[in-house]
Amino acid sequence: MASKSGDGGTMCALEFTVQMSCQSCVDAVHKTLKGAAGVQNVEVQLENQMVLVQTTLPSQEVQALLESTGRQAVLKGMGSSQLKNLGAAVAIMEGSGTVQGVVRFLQLSSELCLIEGTIDGLEPGLHGLHVHQYGDLTKDCSSCGDHFNPDGASHGGPQDTDRHRGDLGNVHAEASGRATFRIEDKQLKVWDVIGRSLVVDEGEDDLGRGGHPLSKVTGNSGKRLACGIIARSAGLFQNPKQICSCDGLTIWEERGRPIAGQGRKDSAQPPAHL
């Protein structure tokens with residue numbers, strides 16, 4: 001189920017590269033993170049600018065804490081609290097409007113998958129979030145197919161036994177239009193969704209409990225606002241890259257730029273929380 005910051009959940013490990021050059025940098029990072037609710041353990045390695053955090057907070061919130069010290073931070077990898085790499089993936093979400101975000105998938109154990117991320121540009125309120133069958137964005141989000149449903153079940157809520165495997169329930173957007181969420185799911189597996197797509201919808205998912213004809217099909221959550229292909233991503237200590245081999249940008253230069261396209265060559269803009 002989706003949880004807000006400080007609501008607990010299963011611990012995971014987040015690996016960041018942080019711009020640190022001296023012991024005072026290390027001290028500032030320790031002081032900021034160790035006083036934060038939801039952070040259990042912090043390891044800082046100045047020599048390779050690495051910060052390893054054991055936490056129940058979404059990665060975006062940990063990154064914001066790190067950058068509140070005045071230092072840039074980039075998430076490099078995720079893993080279970082036992083520092084095991086059981087599978088990780090990421091979806092970069094975009095649509096025809098202003099909605100955009102990044103959502104990450106992490107297999108915490110063979111029985112539990114973590115889905116966490118931040119989506120901006122939403123109307124305040126609840127929005128349905130689902131894994132869809134196809135990773136096909138040729139017609140924007142309309143070509144992603146139906147909800148991922150290999151069991152042939154009816155649409156339901158994330159806590160239901162009888163549900164589409166891609167049914168992740170709702171995420172809540174604040175007045176700013178931002179939804180930051182952390183979902184733990186017992187049916188979804190990272191290795192089953194790589195190459196598929198993640199879609200956020202215009203309205204609230206009724207979890208199959210409404211009286212609308214689409215309740216048991218889509219949750220009657222309205223049109224698809226933004227989507228992204230779910231791609232394999234780095235686990236802990238699997239991403240040593242400091243410079244992109246494709247265009248020579250450092251991890252600091254490419255921060256806040258698109259992964260590809262003309263905008264990647266433009267001067268860096270303040271990151272849209274991604």
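Glycine is no exception: its Cβ is also placed from the backbone N, Cα and C atoms.
Taken verbatim from Swiss-Prot:
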type     : residues   : note
CROSSLNK : K76        : ubiquitin cross-link
DISULFID : C141-C227  : disulfide bond
CROSSLNK : K189       : ubiquitin cross-link
CROSSLNK : K216       : ubiquitin cross-link
CROSSLNK : K241       : ubiquitin cross-link
BINDING  : C244, C246 : Cu cation 2 binding site
MOD_RES  : S267       : phosphoserine
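Annotated features taken from Swiss-Prot, shown on the structure.
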residue: K76; record: ubiquitin cross-link; Cβ contacts under 8 Å, 6 or more apart: E15, F16, T17, M50, A234, N239
residue: C141; record: disulfide bond; Cβ contacts under 8 Å, 6 or more apart: G95, S197, V199, R224, L225, A226, C227
residue: K189; record: ubiquitin cross-link; Cβ contacts under 8 Å, 6 or more apart: G87, Q107, C113
residue: K216; record: ubiquitin cross-link; Cβ contacts under 8 Å, 6 or more apart: S154, H155, G208
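For C227 (disulfide bond), the Cβ neighbour count at a 10 Å cut-off comes to 26, with all displayed protein chains included.
The secondary structure of K216 (ubiquitin cross-link), as reduced to three states from DSSP, is coil rather than helix or strand.
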